[in-house]
Amino acid sequence: MKILYSLRRYFHVETLFNGTLALGGRDQESTGFAWWAGNARLINLSGKLLGAHVAHAGLIVFWAGAMNLFEVAHFVPEKPMYEQGLILLPHLATLGWGIGPGGEVINTFPYFVSGVLHLISSAVLGFGGVYHALIGPETLEESFPFFGYVWKDKNKMTTILGIHLILLGAGALLLVAKAIWFGGLYDTWAPGGGDVRKITNITLNPSTIFGYLLKSPFGGEGWIVSVDNMEDIVGGHVWLGIICIFGGIWHILTKPFAWARRAFVWSGEAYLSYSLAAISLMGFIACCFVWFNNTAYPSEFYGPTGPEASQAQAFSFLVRDQRLGANVGSAQGPTGLGKYLMRSPTGEIIFGGETMRFWDLRAPWLEPLRGPNGLDLSKLKKDIQPWQERRSAEYMTHAPLGSLNSVGGVATEINAVNYVSPRSWLSTSHFVLGFFFFVGHLWHAGRARAAAAGFEKGIDRDSEPVLYMEPLN
């Protein structure tokens, strides 16, 4: 019986399949992997793997540019961003481009520029990807030793890690630069309903910044997702940028300690599994951030959070009925609790009714009406501004409750707009992707550990039908 595939396929993934570095790299015979196994064919071909990664980056940046221009072309300035299904323009708006007071879009040209810049850079990346995939050297070790590597080379791997950390740190500091010097960021908490402003008084106190990391992740505490002011967000990026850059320098200058050499599996597939775990964690954190946080993800662009829409409904009816003569401080609801206002278990005055569960919501349209002990009755009677009424009515009818077939809105709200909020899309997609990336982490970690332990022999193929079929050609 003729064996049509490489038995090396079943041994430790770092084996060079033909004993030399001059690999074909495109067929099953030379790599032990079939065409559909994708980059697995390129495990030991650093030049070709570079091409695959650069081309992948080109595809990502092309999508960003094309989708950006698509959103600009379809954008209607009279409607809020979140009602138009936009997921990229809200991010640009949050960075302060083209935005005036109250989150109003006053200039779409910066969005057009962003799209064009991404398209142009995607062309450069695409050319580089095709060049390295088809023309450039198969391996970089000989011609460009700085860019070459062997997966088992622990020192080189931590050097590459260090370079990545420095780039991430520089990215964090770019946001800081935009906030302080280059026009500022959109701050939803700016007086009068939000505005773009330079963030000058940034929080650098380590007890404040790292205090977020030590908080409980549960209600009322909310871990890092509870950040509610731009000063802390920008200060956090300062700390993160500096830590990443110094960590990167450390990893470039040092070799892994003995405990690290023993603790980790040092192979390409192991690094893939570590990366997938990290991205999975980031996906889950992003899911919580976009769902609950209305400072980093301002409701003017992403739509209200769930608790915010619920509290807005209670507020809107309080405003309406107060105008009709209701005494909102003492009116009783059907359960004997306050109809409009009630006390929380700890004594604060909160909105009554079903929205009591969201009593710890903080939102820029509501906070001015609070006093030292929760909502302030005299402010509710005298100080409500028209912009607060308008915004609350808008949020009440745009709850982020929509199924993916677009049946949206609160079932009990007659005026709900039938749409799916970008908050729903972004949090759901990041949760689902975070989950699948975690499964990918488990899969590749298991394979990498088995290969390192020497018992990864693959699936037993002795009885596979393909072994006794005639080749197609």
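Sequential numbering from 1, following the chain as shown.
Glycine is treated like the rest: Cβ placed from N, Cα and C.
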Range among 17-39, 178-200, 339-361 that Swiss-Prot annotates as transmembrane segment: 178-200
97-121, 422-446, 447-471 - the one Swiss-Prot records as transmembrane segment: 447-471
Segment-segment contact (the transmembrane segment (255-275); the transmembrane segment (69-93)) at 3 or more Cβ pairs under 8 Å: no
Intrachain neighbours beyond the transmembrane segment (178-200), with Cβ under 8 angstroms and 6 or more residues off its ends: 93-97, 99-103, 228-231, 234, 237, 294-295, 298-301, 364-365, 367, 387-388, 391
Sequence-distant neighbours of GLU367 ([CaMn4O5] cluster binding site) in its chain (C-beta under 8 A, six or more apart): TRP189
